[in-house]
Amino acid sequence: MLGKILLLNGPNLNMLGKREPDIYGHDTLEDVVALATAEAAKHGLEVEALQSNHEGELIDALHNARGTHIGCVINPGGLTHTSVALLDAVKASELPTVEVHISNPHAREEFRHHSYISLAAVSVIAGAGIQGYRFAVDILANLKK
């Protein structure tokens, strides 16, 4: 393998397929990981996936990926709109990072319109369903070339 991508999913994303399927669809977190892993394999890359409902675990994963991964795909969930600490961890990781949202936050409640993470992201993908993860992996693979 030519490198590893860190795939991070934040709070409540373990509930994909069950929580608000009218917004997030019926695909599960396992479907997301399988899709990202398959796309990465096409580029000779691996995926290391972590979902956590705890901000500190996501921060630790970013710190640990510094210098060992080629990039990060992150769906921070609700932390998108609140976490300066997660933004700082993305910056500290020095990884090219693609922010993904299954739904389009800009078409939802006002408080979802601001993203701290996007300040450090090389790209933001929103509203493409779980296909956004595939697009994100492809972006990172092409940045690596």
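Numbers here mean position along the shown chain, with the first residue as 1.
Including glycine, each Cβ sits where the backbone N, Cα and C put it.
Taken from Swiss-Prot, the feature site 'Transition state stabilizer' applies to Arg19. In sequence order, Asn12 are the residues of the chain that are 6 or more apart from Arg19 (site 'Transition state stabilizer') and have a CB within less than 8 Å of its CB.
Annotation source Swiss-Prot lists active site, proton acceptor at Tyr24, citing sequence analysis. Neighbours of Tyr24 (active site, proton acceptor), defined as other CB atoms within 10 A of its CB across all chains, total 19. Taken residue by residue with DSSP, Tyr24 (active site, proton acceptor) is part of a helix.
According to Swiss-Prot, the feature substrate binding site maps to Asn75, His81, Asp88, Ile102, Ser103, Arg112, an assignment based on sequence analysis. Non-local contacts of Ser103 (substrate binding site) by the CB criterion (under 8 A, 6+ apart in sequence, same chain) comprise Ile23, Tyr24, Ala126, Gly127. According to DSSP, Ser103 (substrate binding site) sits in a coil region rather than a helix or strand.
His101 (active site, proton donor) has a Cβ environment of 23 other Cβ atoms inside 10 Å. The active site, proton donor annotation in Swiss-Prot covers His101.
Around Asn75 (substrate binding site), the same-chain residues six or more apart in sequence whose CB sits under 8 Å from its CB are Leu8, Asn9, Gly10, Leu13, Glu99, Val100, His101, Ile102, Tyr133, listed in sequence order.
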